[in-house]
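Colleague: Pasting a structure below so you can have a look.
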Amino acid sequence: MNRHADVPVIDISGLSGNDMDVKKDIAARIDRACRGSGFFYAANHGVDLAALQKFTTDWHMAMSAEEKWELAIRAYNPANPRNRNGYYMAVEGKKANESFCYLNPSFDADHATIKAGLPSHEVNIWPDEARHPGMRRFYEAYFSDVFDVAAVILRGFAIALGREESFFERHFSMDDTLSAVSLIRYPFLENYPPLKLGPDGEKLSFEHHQDVSLITVLYQTAIPNLQVETAEGYLDIPVSDEHFLVNCGTYMAHITNGYYPAPVHRVKYINAERLSIPFFANLSHASAIDPFAPPPYAPPGGNPTVSYGDYLQHGLLDLIRANGQT
């Protein structure tokens with residue numbers, strides 16, 4: 001029988017209220033979770049996840065091979081100039097999962113960062129509206145909703161780190177966030193591509209990695225698949241399709257000098273139709289938070305200050321080099 005990691009369910013609704021004692025209690029629970037397994041579930045978030053699952057399932061099933069190719073990012077379709085926004089193809093005999101990634105809806109042709117040609121900034125392309133009515137509207141609204149959830153959770157992190165609850169707000173804005181949503185589909189296949197094995201012999205759909213983000217806010221189908229590395233080895237992460245699964249990314253680890261590490265995790269092989277929809281909460285290109293450690297935690301030395309744009313660009317490239325194109 002597989003062992004489960006300790007992944008608490010935390011009611012985050014109090015972080016939107018005015019009772020500081022309640023906020024401090026929630027922050028303390030976030031602190032324990034992130035210093036423990038590295039994961040927690042955010043409950044009472046106010047997002048209709050059942051609607052998200054149905055809309056995304058229906059959309060994936062309606063996409064044609066031709067549409068996927070037309071939207072495929074440059075790694076798959078050299079004619080497409082986009083590196084982040086677009087379709088990430090399944091590759092027969094090599095890779096089963098497929099996904100569509102979209103970025104900040106605020107990025108349009110007149111946005112200052114788009115005009116400047118900054119890396120990691122792209123104007124979203126979408127499937128044809130006539131074939132997929134309401135898709136763009138639905139997912140732009142979801143981006144706003146899950147951004148707000150992440151902003152609330154970051155209040156808890158700020159309090160847990162001994163800062164004002166608004167600490168992250170000036171760096172995390174809908175106007176210029178580099179955040180992204182990925183609509184990942186893992187299909188059921190009669191002939192699944194060859195699998196990679198973990199060092200413990202576990203069959204894997206995606207190898208061990210850390211998230212390139214400040215934090216990650218994930219919705220997933222209630223089918224067990226994720227494992228987190230602990231001192232006891234890899235442990236299963238309990239599943240829920242009612243709550244968001246939250247973990248720190250490597251930028252949070254960097255700015256806290258390792259106080260909140262980015263948990264190493266992996267995806268087990270499960271041959272079942274399911275969804276994984278991460279929101280990678282990213283700051284703006286120019287944001288740069290000076291690393292610090294909450295008292296009394298004070299490791300020797302300290303990390304250098306790194307702008308978020310540089311961090312994200314290099315972090316994503318390193319992830320692709322280590323694990324291959326997603």
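The backbone N, Cα and C atoms fix where each Cβ goes, and this holds for glycine too.
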Colleague: Please state which member of His132, His265, His285 Swiss-Prot lists alongside His209, Asp211 for binding Fe(2+).
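Modeller: Checking His132, His265, His285 against Swiss-Prot: the Fe(2+) site match is His265.
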Colleague: Among the binding-site residues Arg84, His209, His265, Arg274, which residue has the fewest other Cβ atoms within 10 Å of its own Cβ?
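Modeller: Fewest other Cβ atoms within 10 Å, among the binding-site residues Arg84, His209, His265, Arg274, is found for His209.
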Colleague: Sort out the sequence-distant neighbours of Tyr186 (isopenicillin N binding site) for me: same chain, 6+ apart, CB within less than 8 Å of its CB, listed by position.
Modeller: Ala96, Asn97, Ser205, Asn225, Ile270, Ala272, Glu273, Arg274, Leu275, Ser276
Colleague: In the domain 'Fe2OG dioxygenase' (183-283), how many residues does DSSP call helix, how many strand, and how many coil?
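Modeller: Split by secondary structure, the domain 'Fe2OG dioxygenase' (183-283) comes out as 6 helix, 45 strand, 50 coil.
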Colleague: Distance between Tyr88 (isopenicillin N binding site) and Asp211 (Fe(2+) binding site) at the Cα atoms, whole Å?
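Modeller: Cα-Cα, rounded: 18 Å.
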Colleague: Distance check, please: Cα of His265 (Fe(2+) binding site) against Cα of Arg84 (isopenicillin N binding site), rounded to an integer number of angstrom.
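Modeller: If we compare the Cα positions of His265 (Fe(2+) binding site) and Arg84 (isopenicillin N binding site), the gap is 22 Å.
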Colleague: Could you give the Cα-Cα distance between His209 (Fe(2+) binding site) and Arg84 (isopenicillin N binding site), in whole Å?
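Modeller: Pair distance, Cα basis, whole Å: 19 Å.
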Colleague: Between the Cα atoms of Asp211 (Fe(2+) binding site) and Arg84 (isopenicillin N binding site), find the distance and write it as a whole number of Å.
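Modeller: Arg84 (isopenicillin N binding site) has its Cα 15 Å from the Cα of Asp211 (Fe(2+) binding site).
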